[in-house]
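One structure is given below, encoded as structure tokens.
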Amino acid sequence: MLERERVIDNPLNEKGNNNKPKSVKHNAVLATILSIIFAGCGQIYNRRFFKGIVFIILEIAFIMTCGDFINLGIWGIRTLGTIQGVDHSIFLLVYGLISIIMLVFVVAFYILNVKDARKQAKLIAQGWEPPGLRESIRIGYDRSFVYWLTVPGFTLLIFTVLLPLLFAISLAFTNYDLYNSPPRNLLDWVGIENFTQLISVPIWKDTFFSVFSWTIIWTLVATSLQIILGLFLALLANDSRIKFKKLIRTILILPWAVPGFVSILIFAAMFNNDFGTINRDIIIPLFGGDGIPWLSDPFYTRIVLILIQTWLGYPFIFALFSGVLQSVSKDWYEAAEVDGATRWQKFRNITLPHVLFATAPLLIIQYTTNFNNFNVIYLFNEGGPAVQGQNAGGTDILISWVYKLTFETNNYSMAAAISLIIGLLVSVFAIFQFRRTSSFKQEGKI
Amino acid sequence: MNSKMKSNLEVVGIYLIFTFMAVIIIYPIVWAIGMSLNSSTSFYSSTIIPEKWSLVHYKWLFTDPNSDYLLWYKNSMIVSGCSAVFSVIMTSLVAYAFSRYNFVGKKTGLYTFLILQMFPAMMAMVALYILLNLVGLLDTLTGLILIYVGGQIPFNAWLVKGYLDTIPRELDESAKIDGAGHMTIFLRIIIPLAKPILAVVALFNFMTPLFDFLLPSIILQSSDNYTLALGLFNFINDQFSNNFTRFAAGAILIAAPVSILYLFLQRYLITGLTAGGTKG
């Protein structure tokens, strides 16, 4: 960075020292216009021949290879196909999105090209002499290095995250379902019809509101329970009177170490109504009766799900808090004791603020992950048991409902509409919360 | 005297709580191990301590011609291994750029990463299916790896960037004065100092594919390409061969080494997460 500035500045300074800067007849406006007409022309006018020719070749290559594709894509995303049975709306939609992404990059490149031509033309007009070919390649490498670093990652990100997301968002505004699916039928843009259906058609409305309220309860209760249990156990394990700390810690961390996928399936078997060990070995011998319908009564399934998530989730919080607790200075507690503070006051005013301050972003992430915790819900009971009068199971949260709509009933548009709502809710919540925590503010400044 | 007794009672209470927790934690694990050692294949006859101990299910997994367990194991290792290696490379490059350079769209990029993490991965599943189909990577391990590596970038780039920000810039500056180029600084200074957080990234990206069943269930179709999680899930999900004991055996064989590894590494995981995620 430093060297680049020196290269640009020095010639100017030398000239400036001699006399007034020598004015060369060189028109910045002309360079700008030329570079707008065709990328690279401005650079050639600036006598940066190598750069100019590279730009021209790039633009010609782009028009030759991608022109037709972009044309097709833009037409495709606008109309989603016109001839039934020939045009495949979904492919056209994907082509269209790829074209739009490509265009964004091309426009960005073009703007840079125009800016570059204009800036250099101005410098030349003031009497600056451009560096030689070898020198400018070196400078070019220096300045573009950061882009080479990020290009592989960004390319992959665009195709595996951004493009699929844009695709899903677009689907929410089409009428793509089992009965209206390409290549047999053409899709249409339907605006916000899916969203209005979701809040006006009775079966959708009932399902949506019951699933939504359970999702909120699930997120709040399960996450808070795991945080409270984790904090509680961390405080106990941190007590100076306790021995065998290492053993206790290892056991308490165990649920985190065992892969969640495996533990959930084991729990599903343990809570099986007929042959699960909970009913057969604990409930029936102790309380008699036929056992509790863990998997067929929504109420019990919900209770069990929350307990299982607490089991799965507290060890991470426990480990996190244990680490932070050790960093709280002993002096503070001693000072508090001198002032006659009770144990609760010490906890409330020293421990809690310290622990929460240090871990706030990670705790927020816990809430957002649980909001979308598909694995627990689906692997335990596939969102079941079924409930009359709605098309989601009794324990389905929004994300597992989306899964069912997509892969079981193939109602793609509605699934996309619901997941768009999920995404918006979660990101608004998260951004709002992150902005409030100080660590993010530091991050934003850099 | 009174206060001493109160203190003792408290200690006893704490130990009681720990014992209670230990039972809740260990019971399912012991139950699953008992299941896997049970010689029958159904639940109905099984008890927590099997009447007839046998390793028949373990033997079946490895020797039976119908068992694809070793093949799944190999597939899982390929997917997890590649995903871990390429994730570390991609993420460290991107995080280094975000931590040390100024470039067009840096701030927008950071915010985009943050928001991208929030959108459920499920949303993208249909699109990923169609895209992979379009480029002919459906039902291949390569396609699966590409998606894992791409999908982890937003979260892990934040994490690693947070960590790199804590490495003093004076180190780069002085290396630059000594004539080190961009790549030298990155490889010889940044990477060695960022080893702890890169280990965390590698571990995360090894574990996630190992026990993810959702994405493979959408992308992989032929049983030759199954990963462990998908194959094991089908042991119980498949209505014609509802076979929990076999699942238990297969799951324990993979969960045991992973759990032990986790127990050893959890301290570093936590340090890495708090250093990168919160900047204390």
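Yeah, the Cβs are placed from backbone N, Cα and C, and that goes for glycine too.
The domain 'ABC transmembrane type-1' annotation in TrEMBL covers B:73-265.
Positions annotated as transmembrane segment by TrEMBL: B:12-34 (among others).
The transmembrane segment feature in TrEMBL is assigned to B:77-98 (among others). Packing against the transmembrane segment (B:77-98) from elsewhere in the chain are residues 106, 109-110, 141, 144-145, 148-149, 152-153, 156-157, 159-161, 163-164, 186, 190-191, 194, 198, 201-203, 205-210, 227: each is 6 or more residues past its ends and has a CB under 8 Å from a CB in it.
With a threshold of 8 Å between CB atoms, the same-chain residues lying at least 6 positions outside the transmembrane segment (B:110-132) that come near it are 98, 138, 143, 147, 151, 153-155, 157-158, 161, 214-215, 218-219. Annotation source TrEMBL lists transmembrane segment at B:110-132 (among others).
Long-range contacts of the transmembrane segment (B:144-164) within the same chain: residues 79, 82-83, 86-87, 90-92, 94-96, 98-100, 110, 112-114, 116-117, 121, 128, 132, 137, 190, 194, 196-198, 200-201, 204-205, 208-209, 215-216, 219-220, 227, 272-273, 275-279, each at least 6 residues beyond the stretch ends and with a Cβ under 8 Å from a Cβ of the stretch. For B:144-164 (among others), the entry in TrEMBL reads transmembrane segment.
Counting residues 6+ beyond its ends, the transmembrane segment (B:185-207) has Cβ neighbours under 8 Å at 80-81, 83-85, 87-88, 91-92, 96, 100, 148-149, 152, 156, 159-160, 163-164, 167, 171-172, 175-176, 258, 265, 268-269, 271-273, 275-276 in the same chain. Residues or ranges marked as transmembrane segment by TrEMBL: B:185-207 (among others).
The transmembrane segment annotation in TrEMBL covers B:247-265 (among others).
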